[in-house]
């Protein structure tokens with residue numbers, strides 16, 4: 001019963017051990033499904049199951065019939081046109097990161113969008129090229145198809161290299177799509193949880209640095225070969241810096257300056273602007289017009305996009321030979337692409353209150369990359385800026401995505417030739433302009449250091465690994481390091497000694513409060529993390545440090561002392577009197593080795609005093625020459641309420657440790673761990689009766705057990721008809737039963 005009294009409450013209930021509580025309250029015996037049960041349910045076939053699978057696999061069936069045409073269509077059209085224009089420009093720009101002709105970036109912006117429209121679950125992300133993925137694909141491309149270093153730069157040779165690179169990019173994309181599809185079918189969407197926000201932030205920041213460095217050759221128009229080692233391009237750029245094309249350099253700096261300024265205006269006044277200023281589109285149109293009318297290509301020898309291929313090429317089968325060489329690249333691309341896209345999708349799903357399915361997202365992106373790779377596109381995910389445009393301009397569903405794909409289609413089929421005079425340095429500058437958000441993530445280091453130093457270290461290690469080891473190896477290193485930090489955190493669990501605060505049922509770390517009460521002879525020890533094979537020894541050391549002695553050492557000393565006492569009694573050197581043991585002669589000193597008598601294993605057994613004529617009080621004075629460590633506590637309460645699991649290895653060590661305490665007459669009380677009963681943890685020494693419902697139940701039980709015989713204020717209540725209850729009359733005059741008294745009353749009652 002709970003009785004509220006103002007802003008206080010009084011709880012009336014018995015002091016419960018686990019056994020008592022289970023006797024009074026019937027516990028439901030639930031059946032826990034095993035692996036085979038889940039497998040049967042997963043493969044069970046029924047009309048409802050088929051319908052659920054169909055709706056899950058084709059989300060369009062669910063949302064398209066419910067589409068509010070009159071309310072949403074105009075917003076989706078406006079959003080789709082804006083997003084499509086950005087997608088065209090980013091497709092062209094990010095193709096430079098892959099080291100393939102710009103027109104193939106349009107394929108990467110078109111085909112995955114169509115597939116996601118049917119299979120995707122997010123309504124707001126814009127699917128297409130992403131700079132980090134483009135750079136990762138580009139790394140594989142330049143590794144397998146390096147630039148022509150022989151100086152044979154004929155158009156035929158360049159065309160052959162481009163064709164080979166396109167095939168490598170398409171094959172890597174196809175393979176990454178297969179990995180994503182398999183992960184989705186096997187329900188591995190949870191894999192994204194192993195990429196923390198700090199890891200993703202550090203990785204994308206490092207990728208932004210890579211993108212920045214890789215675009216230098218386009219901004220300066222230098223004949224620098226592609227690189228497959230981090231910062232390998234830096235040396236090449238600066239060794240040829242004198243060959244810089246001034247027109248490309250000036251154009252790049254002007255475009256960068258304008259893009260950064262306008263993007264800052266968009267961010268600062270986004271609440272007042274009806275739609276973000278499409279600066280990429282304006283700069284592209286303006287730069288193409290200026291380049292065409294001034295004839296930059298002939299006058300200043302600048303590099304231009306050139307003629308874009310019109311229409312689509314027939315789908316091709318991937319190169320199996322590339323598969324064998326790029327398995328690691330494809331796995332990294334698959335995981336990073338999904339992690340980034342799902343993170344963005346999750347943000348918009350929370351904002352607009354609808355669910356996204358991680359497994360279905362894997363299937364959608366996997367199919368998108370398979371189709372895109374078949375049509376010579378490269379890996380797709382979602383660009384943060386492009387998705388931001390789709391959502392901020394009023395996009396409601398993926399109808400906006402399909403309209404953006406139509407805009408890309410128009411460019412591919414009809415108006416691509418208008419972009420022929422556009423300088424490649426402008427595309428490089430537009431690609432860098434989209435990196436502002438990623439580069440600003442450097443500010444997170446200071447914030448993370450104040451919040452969680454582990455997360456800050458993960459960010460820094462991820463960043464450095466991706467910078468100096470490359471994006472693929474850097475990502476693997478970062479994930480391994482992150483898992484290592486989890487192991488380190490769990491290997492050194494938080495263990496504290498608790499005390500009662502405020503004379504109530506609240507227990508906190510004794511070091512954090514001044515108004516505390518610690519029952520005499522009682523230690524309350526809390527472990528706040530899982531206990532398993534890697535940290536059980538650390539837990540044991542912390543427990544021994546908390547109580548102030550090693551129970552095994554005390555047990556061995558007591559057994560050695562018993563052997564001495566028995567030998568002295570047998571020789572007549574000790575005599576039993578009503579006052580205790582009296583030494584009758586000087587006892588000759590014997591070494592511990594002699595006493596052990598090759599039976600050291602017996603020292604670890606419980607002390608056997610059945611054949612002694614007197615009960616030995618180990619806390620009192622012992623005969624001369626016999627010393628044992630003093631033990632000032634009689635009870636230990638272990639708070640396991642925060643322990644989520646305990647493995648079998650840890651269970652064995654815990655059982656052994658508890659037995660050592662029990663064998664030196666220290667009572668152990670545990671609150672509470674449910675798994676122990678199912679694992680044959682209990683025996684004649686470790687009994688279920690030591691388990692209590694809460695810490696407070698255990699402490700009340702200890703105090704009553706120790707004080708009931710000695711305290712004149714604690715009298716049996718047998719006349720009340722219940723021999724298990726006691727009347728407590730504290731000094732403040734309150735009258736209560738054992739089951740309702742607060743700890744403050746009990747403490748007062750036990751004082752003289």
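Just so it is clear, glycine is given a Cβ too, placed from its N, Cα and C backbone atoms.
Record features, source TrEMBL:
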- 512-702: domain 'STAS' (DOMAIN)
- 77-98: transmembrane segment (TRANSMEM)
- 104-120: transmembrane segment (TRANSMEM)
- 127-146: transmembrane segment (TRANSMEM)
- 166-186: transmembrane segment (TRANSMEM)
- 193-213: transmembrane segment (TRANSMEM)
- 233-261: transmembrane segment (TRANSMEM)
- 273-294: transmembrane segment (TRANSMEM)
- 331-350: transmembrane segment (TRANSMEM)
- 362-379: transmembrane segment (TRANSMEM)
- 399-420: transmembrane segment (TRANSMEM)
- 457-484: transmembrane segment (TRANSMEM)
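Using a cut-off of 8 Å between Cβ atoms, the transmembrane segment (127-146) and the transmembrane segment (233-261) share fewer than three residue pairs, counting only pairs 6 or more apart in sequence. Of the ranges 77-98, 193-213, 233-261, 273-294, 457-484, the one with the most Cβ pairs under 8 Å to the transmembrane segment (399-420) is 77-98.
Away from its own ends, the transmembrane segment (273-294) comes close to residues 78, 82, 85-86, 89-90, 251, 255, 258-259, 262-263, 265-266, 302, 304, 388-389, 392-393, 418-419, 421-423, 426, 430, 433 of its chain (Cβ-Cβ under 8 Å, at least six residues beyond either end). Counting Cβ pairs under 8 Å to the transmembrane segment (166-186), the top-ranked stretch among 77-98, 193-213, 331-350, 457-484 is 331-350.
Note on the transmembrane segment (104-120): residues 57-60, 87-88, 90-95, 98, 126-129, 166, 169, 308, 312, 360-361, 363-365, 367-369, 371-372, 375-380, 398, 401-402, 404-405, 408-409, 411-412, 416 of its chain, located 6 or more positions outside it, place their CB under 8 angstroms from a CB of the stretch.
Counting residues 6+ beyond its ends, the transmembrane segment (77-98) has Cβ neighbours under 8 Å at 104-106, 108-109, 113, 126, 128-131, 134-135, 137-138, 141, 165, 169, 211, 214-215, 218, 275, 278, 280-281, 284, 305, 378, 383, 385-386, 389-391, 393-396, 399-408, 411, 419, 422, 424, 427-428, 430-431, 434 in the same chain. Looking just at the domain 'STAS' (512-702), the mean pLDDT is 82.
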